[in-house]
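Student: Here you go, one structure.
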Amino acid sequence: MSDSSGDGRDAPDDGSESWQTRADRALARLVDASAAERILISFAALALSVVVGAFIILVSGWVATCQSPFFALGGVGSFCYDPVSVYRVMLVGAAWPPYNFAITLKETTLLLFTGLSVAVAFRAGMFNIGTQGQLVLGALGTAMSVLWVAPFVPVGVLGGLVLIAVGLLVGALVGGLWGAIPGALKAYADANEVITTIMLNFVASGVAFTLVSEVFKDPQSQTVQTRSIPGFAQLQAVFFDSTVFSMLALVGALALVAGIYWMLNGTSFGYDLRTSGVQPEAAEYGGVDSKRMMVSSMGVSGALAGLGGAVYVLMVASRWQTGIPSLGFDGITVSILAGNNPLGVVPAALLFGALKTGSLAIEFQLAVPKQLVGVLRGLIILFIAMPEFFRMVGARFRFGDERPTVATDGAGETTVGVDETATGAGETTDGTTAGDEGGDER
């Protein structure tokens, strides 16, 4: 990166630099990092999190009291917890025995939907914190639609396929409509989507709870839940117990990842969505209806979250019930880990799912407090996510060399150049090249 970028971040002539200048330069280099460099940074962050976690384990074991410490040092004291054993159980426990691996894949599958949901909104310049509410309502829509349609279809494979299709469709529709609300408020009332999505999370939970407790409650149950959907309407297992995980759901989620990636990078709708997210004024100048794209992007994001709720009902719970896991909020972390890249959501969701299962294995196999296990898991997520988070922040505030532009092609037509770095994807997808910066910053 040239030092003479004209943005006030040039190094002083005398060779001395302030900490602000060094921080700005480091952030600019992070924004311009290649895919390979970002992968190396992630692995380095993972290694550093393990080192810091090992130190915390030792200190926690030193202050704890136990009958059989794993190590004692004269003049210092004894240490109750072995860092090597803790991380070994976390790693192995996520994949073995097969039941644990099924739980890991279950968490991965559900997080693929919510991670994609947040990533799509991010790529459009929107921050969808309402994924949890969209998932909750999508789950309720799925449960009730399956229960309503079930009496009219034959019992068996054909009826099951019909009910699964209906459940997925209704879940996506309900989630999409709920997600479009904050998009419309942002587009036409300039209401901050962060505030509105947070508020709508509470509204969604309250609406779902009230409907189930007052109208759709299972009369045979003392808890707030709907009746169970028929067994033939549940996603069936292929390799694992269907009450834990369905391989069909994972295959469908991976196909959806590929479809979303193609939509964002191979269609005019995806191009308009990305350009309106990077620089809405430039997109408007290029002929893109940025207001419509705000609503559409949040609608698609909500539909993906609703699909996550549908799969949760069809694969895991077989009904709507209170206490749905915070998959929507976890999806925010997954999306940040993935750099808002749909393809990156796959390893990010797998890592998050493995950490969840491995943490449970530590609690069951080792006498380690669950609070400490939570700290270790949080450290890994934090260390891996922070470089990508700062890269996204730097891209949003126009650090780095490449920026969104408005340029004219050879025929004199106006085109919008998109810097993928600013969207968090980090890859060139449509062959456009950025010229001089144009348009006002958002």
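Just so you know, glycine gets a Cβ as well, placed from its N, Cα and C.
Annotation comment: TrEMBL describes 39-64, 110-129, 135-153, 160-182, 194-216, 237-264, 294-315, 327-352, 372-390 as transmembrane segment. For 408-442, the entry in TrEMBL reads region 'Disordered'. TrEMBL lists 419-435 with the feature compositional bias 'Low complexity'.
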Student: Below 8 Å between Cβ atoms, which of the listed ranges 110-129, 160-182, 194-216, 294-315 makes the most pairs with the transmembrane segment (327-352)?
Tutor: 110-129
Student: In the same chain, which residue numbers or ranges, 6 or more beyond the ends of the transmembrane segment (160-182), come under 8 angstroms Cβ to Cβ?
Tutor: 128, 130, 133-135, 137-143, 145-146, 149-150, 153, 191, 193, 196-197, 200, 204, 229-230, 232-236, 295-296, 298-307, 309-311, 313-314
Student: What parts of the chain pack near the transmembrane segment (110-129), using Cβ distances under 8 Å and only residues at least 6 beyond its ends?
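Tutor: Same-chain contacts beyond the ends: 135, 179, 182-183, 186, 193-194, 197-198, 201, 250, 253-254, 256-257, 260, 264, 273-274, 276-278, 280, 293-294, 297-298, 300-302, 304-305, 307-308, 311-312, 316, 325, 327-332, 334-335, 338, 340-342, 345-346, 348-349, 352-353, 392, 423-425, 442.
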